[in-house]
Structure formats: structure tokens, C-alpha cells
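Annotated in TrEMBL:
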BINDING   A:47-52, A:66-71, A:His161, A:206-207  GTP binding site
BINDING   A:Ser51, A:Gln69  Mg(2+) binding site
COMPBIAS  A:341-350  compositional bias 'Acidic residues'
DOMAIN    A:35-256  domain 'AIG1-type G'
Amino acid sequence: MAATPAREWTGLQQFPVATQTALHNILGTLRQQNKESLTVLVVGKGGVGKSSTVNSIVGERVTIVSAFQSETLRPLQCARSRAGFTLNIIDTPGLVEGGCINDQALDIIKRFLLSKTIDVVLYVDRLDGYRVDNLDRQVIRGLARSFGPNFWRLAVIVLTHAQFSPSDGVNYTEFVEKRSAALQAAIRQEAGLKKDEKEVPYALVENSGRCNTNDGGEKILPNGTVWLPALVERIVEVATGTTDSVFVDKKLIDGPNANEWGKWWIPVLAVAQYFLVVMPIRKAIEKDLAEEKNQRPQWEIRAEEFRRNTSLYDDDQVDEQAISQALEQDDGLSGQPSSFVDEDDDDDEF
Amino acid sequence: MNCGMFQSVEMDGVTNLDGSLKMQISFTESQWQPADSFRCVNVGLLSQSKGPEGDEKMTDQQREELAKSQEEEYKNRLRQARPCMLPKSVEREISSWLRGETRVTARMLQRIRDRVQKWYHDEGYACAQVVNFGNLNTNEVVCEVVEGDITKLQIQFQDKMGFPSVGRTQEVIIKRELPDQLKAGNIFNIEAGKKALRNVNALALFSNIEVNPRPDEDNDGGIVVEVKLKELEQKTAEVSTEWSIVPGNNGRPVLSTIQPAGSVTFEHRNLQGLNRSILGVVTSNNLFNPQDDLGFKAEYVHPCVDGVNNPRNRTFRASCFNSRKLSAVFTGGPGVEDVPSVWVDRAGFKANLTECFTRQSKFTYGLVLEEVTTRDETSSICVHGARTLPSGALTSDGPPTTHSDTGIDRVAFLQANLTHDNTQFVNGTPIGDRHIFQVDQGLGIGSKNPIFNRHQLTVTKFIQLQPEDKLDPEKPPLVGVIHGRYGGCLGDLASYDAFTLGGPYSVRGYTMGELGAARNFLEMALELRVPVKKTHAYCFAEYGTDLGSSKDVRGNPTEFFRRAGKGASYGVGVKLGSIRTEYARDCNTDTGAIFVRFGERF
């Protein structure tokens with residue numbers, strides 16, 4: 001977690017004059033947009049040349065680089081200012097250890113970046129690699145998940161060891177295109193970039209002292225381009241581009257708190273559960289009960305009919321008894337009228 | 001002569017040459033005028049009709065008067081008799097017999113009697129009897145039947161020897177369970193008796209139950225239904241065990257991987273005669289190391305909460321529990337061995353009401369108060385999960401184990417479970433549907449005020465693909481099983497409550513939690529059960545996924561322990577009794593193993 005305070009960018013004076021002029025112009029565009037500082041994060045697998053690239057950009061030996069020794073163990077921020085403009089470059093430890101992604105390194109990086117804003121990301125990998133494998137994808141995915149979707153929109157692919165002649169007589173330009181396309185496709189897929197977004201830009205870098213130079217003393221690539229200004233140009237393009245910088249706050253580090261998400265919907269959910277799940281299941285249970293009633297065995301149906309008939313029968317019996325009682329009373333009371341009727345009959349007969 | 005079936009009987013004895021006596025019995029059957037219709041009446045509970053009284057010294061006129069008065073009496077009797085249950089179809093059948101004959105003979109009457117009684121006995125009316133035939137010299141033959149009316153229901157308790165004793169159980173509890181068709185005023189049917197046996201047996205209060213009809217001495221033709229009960233011991237203790245074999249390191253079962261599970265139960269039942277009980281249970285899923293997975297529960301059960309006379313069947317249960325389980329959230333995926341284990345201790349109290357709609361479908365709702373403590377192997381409280389780094393060091397900055405980040409969480413929540421189950425056993429295998437919905441609603445009471453809604457919906461359909469073999473009731477039919485389970489949580493989710501994927505009841509072929517821990521998940525399974533001799537063999541395919549919600553569990557334990565998050569498996573197996581032996585192939589690592597398990601998967 002070492003961070004050297006902003007010092008004068010003395011390294012600039014080491015570059016050849018042409019390079020200095022180019023860099024001045026490019027950085028001028030930043031000042032036109034009132035950007036007084038730029039934070040660049042350099043990430044990648046171990047041993048690809050991140051620290052070397054940082055040294056190359058700054059122009060001095062900021063980080064210790066050794067070909068065979070285990071590399072940077074902690075993130076290192078290097079700040080250099082020139083004419084009111086400050087460049088912050090953050091070098092990080094490699095993200096791969098022992099064949100799988102190093103979560104600890106990712107954690108350390110996250111904690112280092114707390115309360116800092118990332119303007120540009122340099123994703124460093126070697127040009128002389130032929131495959132983009134699962135490990136690379138895991139790294140890309142891990143970074144996307146840790147820092148959010150905008151992380152990869154701020155990225156520039158940096159391909160180191162660019163002074164490389166591909167074998168099998170493949171054309172240099174063709175090789176560069178294929179290699180960068182493979183990485184761009186992997187980033188697009190793993191970071192979830194949409195189809196209509198433009199591809200991640202790439203830059204070629206050769207950090208070793210053996211790098212060829214042109215007449216002006218500038219370091220050039222096999223295809224003749226001067227790589228340092230080109231790299232800085234890519235960086236400035238992203239910095240002045242449409243994507244917003246990523247501010248790393250606690251929330252970003254801890255991840256979205258899934259516990260809080262949607263809490264206000266809980267009452268709505270409870271009501272929805274009642275109507276959409278509980279009611280249909282209750283209806284199904286009632287349907288079962290009704291079906292059970294319909295499929296009753298014969299003896300139960302008959303018993304119910306029997307009870308009904310018997311109760312009707314009993315009612316009939318009660319009615320009959322009441323009627324017979326009433327008739328008896330009538331007979332007792334109205335002995336006269338019956339004889340009266342008889343007389344009438346006699347009259348009729350007559 | 002007196003039975004009324006014969007008009008005259010003559011016996012001739014003829015001596016034989018060898019000294020034996022040959023008896024010749026010649027008879028003339030009673031005969032009556034031909035009839036063309038038949039009617040049946042229920043004369044149960046009526047006094048017996050008196051036979052014709054013939055006095056030798058009566059004049060013709062007196063005999064005629066007697067006959068007329070007897071006819072009147074008989075007509076009265078018929079009017080008092082109740083309609084019987086014999087269907088019109090049988091009456092018509094018998095009428096057609098009568099029409100086919102020129103006269104009504106005693107033999108014909110016997111045929112009619114057998115036919116009528118056969119119908120009653122086939123339908124389960126075991127006490128029905130034909131007692132008399134009337135109206136014999138008229139156009140219509142009347143058959144008098146005593147169907148077996150129930151006049152009284154008696155409940156009789158017996159002690160162990162079978163002698164009558166006084167029972168502890170209150171009669172209301174037993175009478176609730178008896179079907180209406182056994183009450184006084186109904187005709188006794190043997191099926192009603194069987195139903196009564198099943199219902200009373202379900203109370204689990206008696207060791208022996210008998211439902212017997214016997215004739216009522218006080219009422220002619222009446223039946224008294226006697227229910228004889230032998231009560232179970234009020235205080236019992238029981239030990240039960242089961243074991244399963246899980247695959248060892250190379251996929252083959254080894255002695256150390258045989259895990260016996262067991263439980264010891266103490267019960268004090270039928271308090272106050274109202275089927276209330278108190279029980280205490282101690283269970284362990286691994287008797288070799290009981291401290292690994294030990295649970296204890298003390299429960300009070302109070303049935304008939306709405307009152308004994310209310311037909312609504314609600315039971316109240318209150319219990320305190322204390323259990324200790326190895327957390328499946330903090331386990332490693334394939335290739336990550338020796339993950340330090342995290343034990344989740346849950347202690348608390350819960351009270352709920354269960355309402356039974358059918359024997360299998362029910363609705364339970366209640367309140368749970370619990371204290372959850374997460375401990376590591378040394379039984380000290382641990383706040384974070386841990387794992388070993390590739391460098392060999394142990395990191396303890398893993399996912400937080402509790403919601404309050406202190407290792408101890410206290411939480412109160414409402415819990416409800418609705419089960420709809422209409423599965424029935426067809427030739428020994430279940431057919432039907434089962435839907436289970438369970439929801440835990442946090443109330444904001446507890447450590448760090450957790451508010452959440454955890455829900456799970458399980459749908460299982462057992463579909464019969466072939467009609468069952470009616471001739472061999474032990475041969476199960478071809479069955480297809482479709483099973484799906486969805487779970488989700490909105491709000492605060494502690495890692496010990498996260499849903500784990502993988503396991504014998506989740507995705508077969510993986511160990512518990514091997515696929516990950518998630519906030520939402522979806523599991524699906526398909527199984528085809530093919531009948532093989534008296535049992536069935538099956539093939540299955542299962543799949544489980546976390547729907548991308550692994551990262552929504554605090555600390556992302558799925559990623560931390562390098563678990564896949566989703567996986568599928570398929571395999572075959574055979575069921576022998578209650579043991580399932582299956583071979584399951586894990587699609588993530590493409591390896592297979594043999595498992596032996598108890599019980600049903602679904």
C-alpha cells in the first residue's frame with residue numbers, strides 16, 4: 001500500500017524530443033477538457049509486464065522488476081505531475097496464482113482502491129501468447145464482478161513483448177489483429193458488453209532495452225509505429241470518452257447488498273403469495289374433498305338415502321297420526337253433520 | 001309340518017331282507033296361488049307377527065272372520081313396515097321368476113330368500129335376515145326382512161386380559177371418529193365398521209380395537225354396535241434406528257461410511273383422556289459420532305383445539321427444540337477438501353396450529369423464536385467461514401456466518417406450510433399429486449432486525465402410465481414422476497438459512513451442499529419407475545441451479561469454496577423393500593457412485 005506523493009515528472013525529459021512533443025500534445029487535450037489528473041489502473045496476470053509498462057510510461061524505475069523473481073506483492077501508486085497535470089498510475093500484483101485466480105490479490109487491490117476513482121484501466125497481457133484460455137476468462141469475469149460493468153468500458157488492452165516475430169511466417173499485422181481480436185472477444189463475452197458497444201481498444205508495448213529505435217531515437221515496433229505516444233493516445237481517448245470513471249466506494253467493494261434489495265416489496269410478495277399460491281392450493285384441496293364425496297361407496301350413499309327416507313317416512317307417520325287424531329276429534333265433535341250428509345244422499349237417491 | 005313348508009309329509013318304513021330298515025319320506029310341498037309381483041318390506045323393530053291360529057272347533061263363519069281379521073292385521077303391519085333397501089332391479093328380477101312359475105312353492109320361496117339375503121350380505125349388511133313371507137295366497141308375495149337397524153352404540157374398554165374395565169379416554173374423543181353410519185337409526189354395514197376401525201386406529205391411543213354387532217335383547221330385530229378398546233400404555237419409551245451407506249473416497253461403500261441414525265422417544269400420552277400428549281425426542285443422524293448431528297425436542301400436542309364437539313380438526317403443538325447440524329453452506333466443492341466445518345446450533349421455541357383437511361392435506365401456521373449460534377470444530381463461536389489457500393495457510397476472512405456478524409443471531413418469525421397431497425397407493429406405489437408451499441416471514445424482531453420472506457414451493461406428480469394389474473395386487477404399474485422445487489428469499493438472508501444445492505433430497509449424486517448455496521434456486525427431477533417382479537427399478541435425471549443468485553448470499557460462499565452453482569445427474573436404481581440402491585452419475589465431474597438409501601426420494 002505504498003503511495004509515493006506526486007513528484008515532478010522528471011522521467012518525461014528522458015524521452016526523445018519527438019516523443020516528448022507528442023506526449024505534450026496528447027496530454028494537452030486532457031487539459032482542454034479541464035482534466036487535471038488521471039488515474040490509471042494496471043492489472044493483469046502475473047509476469048506479463050505490468051510493472052515494466054509502468055516504468056516505461058513514467059520514465060523511471062518506479063517498481064522493481066526482475067525476470068525470475070516473484071513480482072509485485074502489493075499495489076503501488078505512483079503519482080507524477082507536470083504543468084499542473086497529475087498522472088497517477090497504480091501497479092498491482094498479478095491476479096493468477098497456482099493455476100487459479102488469486103482472490104486475495106483481488107481483495108487487496110479492492111481495498112487499496114477504496115475512495116479512489118479509476119479513469120482508465122490497462123489490462124496487460126503478452127502479445128506472444130496464442131490462446132485465450134479459461135483462466136483469462138476467469139480473470140476478466142472476476143474483475144467485472146468486483147468493480148462493476150463500467151470497469152471494462154474503461155479498459156485498454158496492452159500487449160507487451162510486442163517486438164516479436166511470429167513463427168510460421170504469419171504476417172505481424174495479421175498476428176496482432178488475431179491476438180487482439182481474441183482478447184477483445186473474451187472481454188466482450190465475460191464482461192457482458194453489448195453487441196453495439198465498440199470494441200476495447202488495444203495498444204502494443206515493448207519495454208525491453210533491446211527495442212528497436214528509429215532515427216529520432218524513439219522506440220518503435222516491427223510495424224514502424226512509435227508505441228509510447230500511441231499508448232498514451234489510447235489512454236487519453238478512453239479518459240475523454242463517454243464512459244464515466246468508476247469510483248470505488250465501500251458499496252462497490254462489498255458488492256450490492258442483496259439483503260436490502262427489494263425489502264419494500266415483501267408485503268406485496270406476501271399478498272401475491274397468498275393469492276397466487278395459497279388460494280389455488282386450497283381450491284385443489286377442496287376439489288379433492290368434493291371428489292371424495294362424489295366417489296363415495298354405494299353403502300354410504302344408500303345410508304344417506306335411507307336416513308332421508310326414514311325421516312320422511314317418520315314425518316309421514318307423524319302426519320298420519322296427526323290426521324287420524326284430528327279425524328277422531330272431528331268424528332267426536334260432528335256426529336250430526338255426517339248423518340246430515342246421509343240424509344242428503346237419501347234425498348238424492350230419491 | 002310346523003315349519004310351514006310342507007303340506008303333508010309321509011314316512012314309510014319298509015323292512016329289507018338283510019334286516020335293515022328302508023325309510024321312505026314322501027312329501028308334498030306347500031303351495032299357494034300363483035303370483036306375479038314381489039315386494040320387500042323392512043319389519044325391523046316391529047313386533048313379530050303371530051301365525052294363523054286355527055282352532056279345530058271354529059265354525060266356517062268364525063274361520064272366515066278370523067281370516068279377514070288376520071288379513072286386516074297383516075295389512076296394518078305392512079303399512080307400519082318401512083320401505084326396505086332392496087333395489088327395484090332385484091324386486092323385478094324376483095317378480096319375473098314368479099311370473100315364470102305356475103304356482104308359488106316352498107322351494108321358490110327358499111330361492112327368493114337366498115337371493116334377497118345374498119344381495120344384503122354382498123353389500124355389507126351382515127345382519128340382514130329374511131324372517132317371513134306374507135300375503136302368500138294373493139297376487140303379490142311380500143318378503144319381510146330385518147335389515148339390522150342399529151339401536152345403540154356401546155363403547156367398552158378392556159384391560160390386557162380382555163375383561164371389561166374403566167377407560168381413561170373420554171368417550172367424546174372416540175365418538176368423534178366414528179362414522180355417522182354407525183349411529184342409532186342406521187342399518188349396520190360392515191364397511192362402516194371398517195371405517196370406524198381405521199379412524200379410531202388413527203388416534204394411536206389403542207392397541208386393539210374391535211367393532212362388533214350383536215342382537216339387541218330389548219328391541220326385536222335391533223342391533224347393538226359394540227366398540228371394544230384396549231388402551232395403550234400411557235407412558236412409553238421407544239428407540240428406532242435407520243442407516244444409510246454413502247460412497248467413500250473411491251465411490252465404494254466402506255465400513256466407516258455406514259451411518260446409523262437413531263432416535264429415542266419418551267411419550268406421556270392421552271392426558272386427561274383427551275388425547276393430549278407430551279413427548280421428548282432425542283435424535284442423531286450419526287450414532288457413531290452423536291455430537292456431529294444431535295437434536296432434542298420436547299413437545300406438547302393438544303388436538304381438537306376448537307372443542308371436542310366441533311368437527312373441525314385442528315391440533316395445537318408447542319415445542320422447545322435444540323439441534324446441532326453441520327452447515328452445508330460452508331462445505332467445499334469437488335476438489336476442495338478439508339474445509340473447516342461450521343456447526344449451526346439452533347435452540348428455541350415454536351408453537352403452531354395444524355388443520356387437517358384430509359388424511360394427507362393439511363395447513364400448519366405458527367410462530368418460531370430461535371437463537372442460532374455458529375461454531376467451529378472446537379465449539380467456539382466462529383463469525384466467518386474459512387478455507388485453506390493454495391499456499392497452505394488458513395484464511396478466516398470467508399463469508400460471514402450470521403446476519404448480525406457476531407456469531408449469535410436471535411430471530412422471531414412466522415412460519416406457514418400448506419400441503420396438498422392426494423397420493424394414493426395403487427398396487428404398492430403412490431399415484432397422485434403433492435404440492436407443498438412453505439413460507440417463513442421475518443417480523444423484524446431479533447438481531448439486526450431481520451425482515452425477510454423465505455418461500456419454497458414443491459410440486460410432485462406421480463403419473464400412472466399403464467393401467468394397474470388388477471389380478472396381481474403386488475405388482476406395481478409403470479409410473480412416471482415429475483418433480484420440481486423452487487425456493488427464494490426476499491430481504492435479509494443469513495448464510496445458515498441459504499438454500500443448499502446438492503444432496504440426496506436435492507440433486508442425487510452430489511453430497512449435501514456440493515453444488516453451492518443460493519438465495520433462489522430451482523430443482524427439477526424426472527424419474528421413470530418400471531415394474532420388475534414384485535418391486536420396481538427406476539431411472540432418473542435431476543438438475544439443480546442457483547439461478548445466478550449465489551452472489552446474492554453475503555460473502556458468496558459458493559464462489560469462496562469453488563462450487564459450481566449448478567449441476568445435473570442421472571442414473572438408475574432399484575427399490576428393495578424400503579431400501580433404494582442406485583448408481584448416480586455426476587455430470588459436473590463425470591464420475592459415478594453407488595448409493596444405498598432408506599425411504600423415498602420424493
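Heads up, the Cβ atoms here are built off N, Cα and C, so glycines get one too.
Model, not experiment: these values are computed from the prediction.
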**Conformational class of A:Asn207 (GTP binding site) under the three-state DSSP mapping** = coil
**Item:** Of all listed binding-site residues, namely A:Gly49, A:Ser51, A:Asn207, those lying near chain B with CB under 8 A
**Value:** none
**Fill in**
Close in space but at least six residues away in sequence, with Cβ under 8 Å from that of A:His161 (GTP binding site), the same-chain residues are A:Gly49, A:Arg126, A:Leu127, A:Asp128, A:Glu206, A:Ser208
**C-beta crowding around A:Gly49 (GTP binding site), within 10 angstroms** = 26
**Asked** Out of A:Ser51, A:Asn207, which of the binding-site residues has the smallest number of neighbouring Cβ atoms within 10 Å?
**Response** A:Asn207
